[in-house]
Structure formats: C-alpha cells, structure tokens
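As structure tokens, the structure follows; a few thoughts come after it.
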Amino acid sequence: MEPLTCSVSDLAPLFGATAANDTSSAAAAAAATYLCSRFSTLSNSLSDTSYAVNNTYLLFSAYLVFAMQLGFAMLCAGSVRAKNTMNIMLTNVLDAAAGALSYYLFGFAFAFGSPSNGFIGHHFFGLKSVPSPDIDYSFFLYQWAFAIAAAGITSGSIAERTQFVAYLIYSSFLTGFVYPVVSHWFWSGDGWASPTRTDNLLFGTGVIDFAGSGVVHMVGGIAGFWGALIEGPRIGRFDHTGRSVVLRGHSASLVVLGSFLLWFGWYGFNPGSFLTILKAYGGSGGYYGQWSAIGRTAVTTTLAGCTAALTMLFSKRLLVGHWNVIDVCNGLLGGFAAITSGCSVVEPWAAIVCGFVASWVLIACNKLAEKFRYDDPLEAAQLHGGCGSWGVIFTGLFATKRYVNEVYTGRPERPYGLFMGGGGRLLAAQIIQVVVIVGWVTVTMGPLFYLLKKTNLLRISRDDEMAGMDLTRHGGFAYVYHEEDDPSQKPALMMRRIEPTNESTTPDYQNSPTTNV
C-alpha cells in the first residue's frame, strides 16, 4: 500500500494565508500542521492494517499447508501394511521436526537470503535480521511448511523398508539444502530463472512455477524415485518371474481421510502463494483485485483435481474392470500436483484439461514402474514427479496474457502460453526447469541414498522387513485389541524371526488378530 503524504506548505494557502498578514499566516500554518498530523496518523494506521491483514492471510495459509502433514501421515498410514503403520507415522512427524531445525538454520537463508547470487542465498541464517522491510516471520513459517511437504513426498516412496536413521539424514539434507537451492532459483528475486528478477530473465520471462509443481512436487518425487530405486522393491512385491504382486495398504479409510485433508490444505498451498491479499488491479476502488485472483486460483485448483479424479475413476474401470477408491484418490492428488504450477495464470477451463491429462500421465508412469520392477508404495514418484512435470509444461502451453501480467508485474508484455498465442519462450523456460530439477536432485539425492546403502544405513534387514518395523523397531503393532494379544508384551516372540520359504510370499500380517482393523 502506497503511503499517503501531506505537506503543510501546500495546505496552508487553502486556509487564506497571505504574505501581508502575519497573523493569518500563523493561524493557517497551525491549522495545516494539525491536519497533516492527523492525516499522517490515519495513513500510518492504514499502513499498519494493511501489513496486519496480509500477514494474517499468509499465516492462515501457512496453517493450511502445515495441515497437509496430517494428510500425508494418514495417506501414508493407509497405504502401507498394518505392520508398518507406527513407523510411517513417526517418519511423517520427524519430517516436520527435523525439517524445522534444518530449514531454520540453513534452508531459509539458502532459499531467500538476499542480496545474493543467482544460485544460492547467503543471508538470514538462523533468521538473523528477520523481520525486515521485505521478510517477516510469517513468510518463514509459510516456506517451512512447503519444505517439509517436499520431504513428506519422499518418505512415501521408501516406506516399509527404510531404516529410521536414513529418514533423519535425507529429510535434514533435503529441507536444509537440496530444496532451498531449487526454490532460490525459481522463487527468490535473485534467482537465475525467477520471473520476478528484473534483469537477465531466462528467455525474457523466467519460469512460472507459481506454487511449486516443479519446486516442491518434482523435487520430492525425484528424490523419492532415487531412494526407492537404489533401495530396491519390497520383499514379495515381484515374484520370481518378475510379475507384479499387489501389496495392498491396510486401510482405504485412512487413504480417503488423508486425501481430503490434503485437498483442504491445497487451498493454502496454491491460493496462499500470492502471499498478500490487499492489492488492487488497475486502480483502487473496484471490485477486482488480487482477492479475485486468489478466488480464481482456488477454482482452478478444484477443477483440476476433480477432473483428474473422475478421469481416473472411469479409466481404471475400463482398464481393470472395477471402481477403485485408492486410484481415484491418487488421481485427485495428481491433478492437484499438476495444476500447482499454473493455477494463478490459467483459465478455469484450462484446469480441466490439466487434470484430464494428469490422470493419464499417472497411469502411464505406473505402467512404466511396473514394467521396470520399480516399487513405490504410495506412487509418490509417479504422482508428484510425473504429474508435477506435466504441470510445469502445461503452464508453458496455457498461461494467459492477462493473468500473467497481473500476477507477475514489473515487466511489460511478458511471454505467455504457446497455445494462447504467446509464442514458445515461456514453454522453453518451463522445459529447462524440468531438466535442471531432475539433474539437481539426481546429483544430490542420488549419491546420498547410494552412500547410505553402502554404509548399511538405508535398508532394514530381511527378517525385520518380514516381521514388520512396528514390531521390531517400535515396540509393537499400531492396532491391538487386547493387551494379551500384543506381541511386544511377550519377549520370546520379540526375539523370534520368521524364515520365509519363498521371497515372493509375504505373511499376511494385516489379517492377524493383532493387526487387522
């Protein structure tokens, strides 16, 4: 909000001050001084109110994004077998906890420490010099919620077979370094591909990744891909002929609950990325402003997710012959992940196209994963990596001229979507984003997971995996109906190991009296 100003010298003549009458001049000057002081007080009050409203909006959005952690936890818990429920929920808690410290100490500075070079920030370590005229604590909280969302995506890919210490190491590294560098490139005003940078923009536009199809979803998905690939599939996921064996999660109810919580949180994820709400477009006093763009962003987010869910519903019905709520939930989330990049700069009808294609991208990625014996219990790499990549490309095709110029001000006639008549420069920038994110995450997270594997810190033992980590690592199963049925109360059972006769056969723990729900 522009400050309002008042000048005594300009106001005094309006009260009849003349050079020939000292008395009238003194009275007029006193009146002008008094009015200007009142005017300044009112101006300061309006400015304070503007800061308070915008910060409250950002804090509320941060709370919504953080609520997505609960959604991730429930989605992950329902997607794994009952014998690993406590383990996966604990890793989700620690993604947030470990991520908070690493992002506070290093991550936020690497991402938004300004002034800096185009590659990495180097101010605000440990929130030093915060708040400042440009950054307040609410902005840190919002960006931290985004960082731990990326870590939460990765945890789903390596579920049911990963050592606890590996979660702590990769989560801290991802939120403290890998993700912040990417967010600096595309979201900081100093980043080499940022659309808000005033000079040396990539193809004269920079990358439009409004809420993070690339920055968040691709980073988390590609990191999860390398973790799951290096770790290898779960025991029993593929038989001796290489044929896929379904290891179903134990609770569709938790999957649906988690999906709805993520849906709810996405209204902070996408619309909240405007960061402020009190901003008029084309002059004040009208009904149209940033508040309208925020509403439109919520609409495009909704339409993309719903379209992807329905497309997945009928597609899987045709492909496999039945209605599957798990697939529908994954399709819904795939649509959300895809629209996240262009949600603020596309028309609502284009969001429907985005969601429709996203569902088929997810189906194709799952088919490839099965063909190459890649095991991801939550389809996280396929969903966030594959659909996130499509979302970045989609923005380069469908971003509209009017919305791009409203959201990304300061540069006239900015390039926009190829299919909307804006040429190919924005699309070229978007393709470069996909390539550099895949490359950066590969050269950072790939070697980390490989090092963890070589030092025997990545995967649990065969016996522990067969018995389930809840029993061997966390003191007992998540679901116990009667205390006498709890194996953790029987030390002899705790020490016993199951010796399977065939790797393709996994004991059905989820139907045992102590684990079935």
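Backbone N, Cα and C atoms are what each Cβ position is placed from, and that goes for glycine too.
Per TrEMBL, domain 'Ammonium transporter AmtB-like' is recorded for 57-479.
Under the heading transmembrane segment, TrEMBL lists 56-80 (among others). Under 8 Å from some Cβ of the transmembrane segment (56-80) lie the Cβ atoms of residues 88-89, 91-93, 95-96, 138-139, 141-142, 144-146, 148-149, 152-153, 155-156, 159-160, 249-269, 271-273, 275-277, 326, 329, 377-378, 478, all in the same chain and six or more residues away from its ends.
Residues 126-127, 134-135, 139-140, 143-144, 147-148, 171-173, 175-177, 179-181, 183-185, 187-192, 197, 200 of the same chain, all 6+ positions outside the transmembrane segment (101-120), place their C-beta atoms under 8 angstroms from a C-beta of that stretch. Positions annotated as transmembrane segment by TrEMBL: 101-120 (among others).
Within the chain carrying the transmembrane segment (140-158), a Cβ under 8 angstroms from the stretch's Cβ atoms is held by residues 58-59, 61-62, 65-66, 68-69, 72, 75-76, 79, 88, 91-92, 95-96, 99-100, 103-104, 107-108, 111-112, 127, 130, 166-167, 170-171, 174-175, 179-180, 183, 212, 215-217, 219-221, 223-225, 227-228, 231, 269, 272, 275, 376-378, 380-381, 384, all 6 or more beyond its ends. TrEMBL lists 140-158 (among others) with the feature transmembrane segment.
Summarising the annotation, TrEMBL assigns transmembrane segment to 165-187 (among others). Panel annotation: around the transmembrane segment (165-187), residues 91, 94-95, 98-99, 101-103, 105-112, 116, 118-121, 143, 146-148, 150-151, 154-155, 158, 193-195, 206-207, 209, 212, 214-216, 219-220, 223, 227, 433, 436-437, 440-441, 444-445, 448-449, 452, 457-458 of the same chain, lying at least six beyond its termini, place a Cβ under 8 Å from a Cβ of the stretch.
Taken from TrEMBL, the feature transmembrane segment applies to 207-230 (among others).
Per TrEMBL, the feature transmembrane segment maps to 251-269 (among others).
The feature transmembrane segment is assigned by TrEMBL to 289-313 (among others).
Taking Cβ pairs closer than 8 Å, the transmembrane segment (325-342) reaches residues 75, 79, 208-214, 216-217, 249, 252, 255-256, 258-259, 262-263, 266, 269-270, 300-301, 304-309, 311-313, 316, 350-351, 354-355, 357-359, 361-362, 379, 383-384, 386-388, 390-392, 394-395, 398-399, 430 in its own chain, all 6 or more past its ends. Summarising the annotation, TrEMBL assigns transmembrane segment to 325-342 (among others).
Panel annotation: around the transmembrane segment (348-369), residues 296, 299-301, 303-309, 311-312, 315-316, 319, 330-331, 334-335, 337-339, 342, 375-376, 379, 381-383, 385-387, 389-391, 394, 398 of the same chain, lying at least six beyond its termini, place a Cβ under 8 Å from a Cβ of the stretch. As annotated by TrEMBL, transmembrane segment applies to 348-369 (among others).
If you look up TrEMBL, you'll see 381-399 (among others) marked as transmembrane segment.
Per TrEMBL, transmembrane segment is recorded for 427-452 (among others).
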Other than its close neighbours in sequence, what residues sit by the transmembrane segment (289-313), given a CB gap under 8 Å and a spacing of at least six beyond its ends? 210, 263, 266-267, 270-271, 273-274, 276-281, 323, 327-336, 338-340, 342-344, 346-348, 350-352, 354-356, 358-360, 362-363, 403, 406-407
Across the domain 'Ammonium transporter AmtB-like' (57-479), what does the pLDDT come to on average, as a whole number? 94
Using a Cβ-Cβ cut-off of under 8 Å, list the residues of the same chain that are 6+ residues beyond the ends of the transmembrane segment (427-452) and lie near it. 166, 169-170, 173-174, 177-178, 181-182, 185-186, 193, 202-203, 205-209, 214-215, 218-219, 222-223, 226-227, 230-231, 341, 389, 392-393, 395-397, 417-418, 458
